[in-house]
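Q: Quick one: structure below, then a few questions.
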Amino acid sequence: MASAEATPQQQIDQLKVNAGWDMKSNIKAGLLHHEEMEKKATKTVTEYIEKFADVLEENVLRFLQDNAEMLELCIYMYEQLPAYKAVKSRGILSAKRFYDTYVLRTADGSCYESVSHCFMRIAAFCTVQVLTNSALKITILYLGRDKLFKDLPCSPTMDLFIYFFSPLSHQLVCCATPIMRSAGLRDANLASCFLINPDLSTEKSTTTALLQELTMLLSAKSGVGCNVTSFGVDEKCIQSCVGLINSQVEFFNDQNPRPVSVAAYMEVWHSQIQEFLAVKLPENPSRCASIYQGLCIPKLFFEKFIEDPGQNWYLFKPEKSGNLANLYGDEFRSEYERLVGIGCYADAIPIKSLMFLIINTIIKTGSPYIIYKEACNEHHWKNMEGCAIASANLCAEVIQYPGADVSTCNLANVCLPMCLVTVSNDSHSPLEKTYCGNVIESQAVSGVGFSMPILHAAVEVAVFLVNCAIAGGKCVTPGMERGQRERSMGIGVHGLADVFAEMGYSYLDERAARLDVEIFENMYFRAVKTSNNICRLGGGRPFEGWGESKLRHGFFHWQGWEDVNLSIPITEWEKLSRRCISSGVYNSQFIALMPTVGSSLLTGFSESYYPYFANISSKVSSKEEVMKPNMTFWNRVSKEDLDTVRFFSGDVALFPEPLKEKYSLFLSAFDYCAEKQLARARLRAPFVDQSQSHSFHLKEENVVSARFLKDLILSGYTLGLKTIMYYCKVKKQSTMSSFQCLRDQNKSEMTGNDQGVEPESYIKCTAAGGETSEACLHCQ
């Protein structure tokens, strides 16, 4: 059928064929999909109220009703801006994502929320929360912001609305999935993820924790990080415990458009650590395929492994483990040695054998995540002596201590490419009287700069947005309500690789490294400053637990790390320190670098702080597979290079030499040295007071040897990273796609070695057996 005679859907299907490499086709397909969906979407605020009044929270509904005329004008003016066209021009995958996942729809599916009204709903929710919280309201109005629509006569209430609507609708600030989908709805949970540390010491406490608390949390359609180290019920096997968790995950994922999961964490001294590592192995007939695993490894394990890989590592039953679970550092060592000395251990295993089991599990399943116990505790916002952290969340970037309560992940992220500007003569002039940084000019591309003032403004909005979500979200259990009193937040980023490429830097370039660290220093500075302003200017009460906070004494997270180079003048840090001591801060934590898969699909930019995953990849849903191009890359590909680039599927590492150099900025994460990526994570770590979802991106040849992974894990330990490994992904040699590390192990070639690992086996790469490469999209 000729294109002119085709239906819109047929045109979209035709265009999708080339969407992976032809940006005109990709953008046109997205625009057509928006056009088709807008036929079924709300056109006016009045219609929106009529269609969705029954699901909107009462105060949000009233706000929309009371301000309908001004909101209508605001939406109209926004839709005349280039920003609106840009949102609709992100490609077919972005368009699909909006309507399949994020916007509201009526129960019968006959009417959808328009994209503009989706942003309106979130901004209206935030405005309502600010109006009911005097500290937030006073602070925002005091700080002030230039109006987006300068000709629009606004009341203070509408000023507050525009304060949120502008960065949201421009996609400068992006929400985590629960906020994007549910802000402004009745009884909505807005937390991305939960952390629990349940008592699993008896049958009764285990069933109470897993069939009541965990069930309620999963019913909120979010992920959970669960510490299972206390499990030791009447000689029951950890397989049954994890199986109980796995069955619940599968139940909640049945017909659920947004999958949830649980990451079960265990400390490596547990007597059932070997059984725990086996619960997800492909050869396990009772394999728990729907959950994820994590290990909390203490400094002592690494020290002993390095000292003598052949020595024993002792394992303990929880009820005979003394106080190991609550200790770290020298106190952990003393307790461990005391227990070994009096013979309280249940078993012993050569430490190199346990390391090999860990690596074997990583190679076959892509996990367990690995967090470093001492780093998590020593760099926490308060002194953790006697109550150690031993787990993280579902994506391993949120580090909190839930105790008997429920810790929560309250997340948002900044789209870093939106901070790129054309450099002009006055680019270095600050936008406000207080410190907000300057525009950093590219040293490789003329006229391009990264605006720290825009970044500061974005982080400030993100702080208020997350606080609105904390205040206005439903707490699904009493433990969650108690945990939210710490007001922990996690502000992340996406599109860092695009920023580097636009500024002419390869990912591991020294100039990129400096900009990388400066970005996160400025983010941490502005987040703490804004949180302090809520107390200092708005009169807000500091979070519960402020008296124990290191910030109470003016001690910043970066001060606990060595070799930190600051770009912000020390006088600014000292001023902020004094203000924190004097007035307090509203939130306990600030920066967490999550994967941001969802946000990057909407904007078309790269995920999180990672290098590019691929220049052509795909996203598979229950409905279809849609190509995901690296739009920054394909917009650079010249017409004469197109055939060659397509022949090699956009894999720059395979290009012939002239083109490889020409497009060297677009190498993938698999092409960069994994150890150097870990070193970069260490450079930004002082300004990331939670953690980073740091994945290993490896090539097939890297994992034929257990030694390579062993060295990476030890490197993460040496660097002192909180999250040494979130996920391990391996790129198959034969395809453009990349896969997590599920492997078939065959043709065992056992060879002795003295490198501290078990004899190596030949490993054949296969695609991950139907699993997603990320644990959960709610964090992202």
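Every residue gets a Cβ built from N, Cα and C, even glycine.
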Q: Need one residue: from G144, G223, G366, G584, the one Swiss-Prot lists with T177, S192, C193, N393, L394, C395, A396, E397, P595, T596, V597, G598, S599 for substrate.
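A: Same substrate site in Swiss-Prot: G223.
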Q: Using CB atoms and a 10 A radius, I'd like the single residue among the recorded positions C193, C395, C409 with the highest neighbour count.
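A: Result of the Cβ crowding comparison: C395.
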Q: Determine, to the nearest whole angstrom, how far the Cα atom of C193 (substrate binding site) is from the Cα atom of C409 (disulfide bond).
A: 5
Q: Return the single residue from the binding-site residues list (T177, N393, T596) that has the minimum number of other CB atoms within 10 Å.
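A: Lowest Cβ count within 10 Å among the binding-site residues (T177, N393, T596) is T177.
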Q: Which of Y726, Y727 (the recorded sites) has the most other Cβ atoms within 10 Å?
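A: The residue with the most neighbouring Cβ atoms within 10 Å is Y726.
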Q: For the substrate binding residues given in the record (T177, S192, C193, G223, N393, L394, C395, A396, E397, P595, T596, V597, G598, S599), what is the largest pairwise C-alpha separation in angstrom?
A: 19
Q: Taking the Cα atoms as reference points, how far is C395 (substrate binding site) from Y726 (site 'Important for electron transfer') in Å?
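A: Between the alpha carbons of C395 (substrate binding site) and Y726 (site 'Important for electron transfer') there are 7 Å.
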